[in-house]
Amino acid sequence: MQILPIFFPLLITSLHAIPRGRRAVRNRNEGDINSLVGVGQYLYQGDIAVVKSRARRAVIRQKHKKWKLPMPYSFDRNFPSRSRQRVLEAMQFWSEKTCVTFHENRYVYPHVSIFEGNGCWSFVGKQPSLREQSLSLERSCTDHTFVVAHEIAHTLGFYHEHARGDRDQFISIDYSNVNPNLTFAFAKESEKQLDHQEAAYEYGSVMHYSVDQFAVNTNRPVIYARDQKFAQAMGNRMRATFQDVSRMNVLYNCHERCANTLNRCQQGGYPAPSDCSQCVCPDGFGGNFCETIEAHSVGQKDNSDCGGVLWASETSQTFYGAVRTRVHSNSVLPTPEHCFWHIRASQGKSIEIQIKNIISPCSMSCSFNALELKLSNFTMTGPRFCCDEHIYNRYSQPKVFQSEGPLAVIGAYARYDYLDFNIEYRAV
């Protein structure tokens, strides 16, 4: 298996020369894993392999760098069966939500060769000069289905969300807290090179790095959201978001498949390219036309505290919710358990919410569990929290959140142990 050299300023090396280093801490994202195994400094933006000639965009624009579908791929003969299952799960996610399909065939060229290399990395889009295009997934990478989905998205043509040329309107980078060997991982693309499909900035994108990515002092953020409500929404890989899916559908012209289908989908949803009779719905919505609540994950079927519809009145009410994993060891779930709630009020009203407490494994980036509030544009990721410090102001009072209309959506995700919370809400 050949792996071409990668080039960027002050660094010309070969991936063959990358030291294995110490094993990655489990259950982090691809950037952390690559940094810990010693390969991050050899990869553009921390997990991207590049050839000498490249064009950098949020998504690729050149037609010759998009894959003819189904995208052919092969597994290295020594690729672990457990890791293979994670790859197939990630591929299934993209196939169910888009028109992108995959076909295992090592005898077609070019194709993607998936192997257990050093770290988690991929090229961006099809590389016409390569017969076998490498996609490296060491075992730590496959602890999390959506770390794999992130790398597959690179292979299909996605760059990082935080590399957008307009990113300074939405985030700032504290370079004083970035590992000096990895400052280039936060390279920003120029507007002339950028193709972000005129999409809104998605803090929760599966292509966004986390708030503490490559930090020297892990008690301080590296990435600061201009809107601090979204500080913990960045990079926790709970799922590829509705916006990620929509951009993939635009990139591969998937909407053409349902061009003659009446769009009856609500809340910004649209006919699913894989089955035009179904809808691709924003996170938190389900049913035939996105008219109802998204179903809970299979593991929550016996959890009476998971999900439901609540009606707000002008009198404050409280409710308790929980999502549980039954995982209490050093391992975590590859895909989080999830529950959703809709809080509704009468027309002309909005909903005021205070989160009284959260009981959950706490981390700066909420990489294990998270509670999400969607208060306005339901097609975008909302603020996420996993610690009491995230929900209290400097006066030790619960922060007050208010929806823009008569609907608020609450999502709870857990990959480890459980997440319990108490909320007070009312119509205003």
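In case you wondered, yes, glycine gets a Cβ from its N, Cα and C as well.
Of the residues proposed, H160, H162, the one Swiss-Prot records at the same Zn(2+) site as H150, H154 is H160. Recorded disulfide link (Swiss-Prot): C306 to C339, out of the candidates C276, C279, C339. Which of C99, C120 pairs with C141 is settled by Swiss-Prot: its disulfide partner is C120.
Looking at C99, C387, the record from Swiss-Prot puts C254 in a disulfide bond with C99.
Between C276 and the candidates C258, C362, C366, Swiss-Prot annotates a single disulfide bond, the one to C258. For E151 (active site), the same-chain residues 6+ apart in sequence whose C-beta sits under 8 angstroms from its C-beta are E30, D47, C120, W121, S122, L135, L137, C141.
Here the domain 'EGF-like' (250-291) has, by DSSP, the following mix of helix, strand and coil residues: 7 helix, 11 strand, 24 coil. Nearest to C290 (disulfide bond) in space, judged by Cα atoms and limited to the binding-site residues H150, H154, H160, is H150.
If you take every residue in the domain 'EGF-like' (250-291) and average the pLDDT, you get 96.
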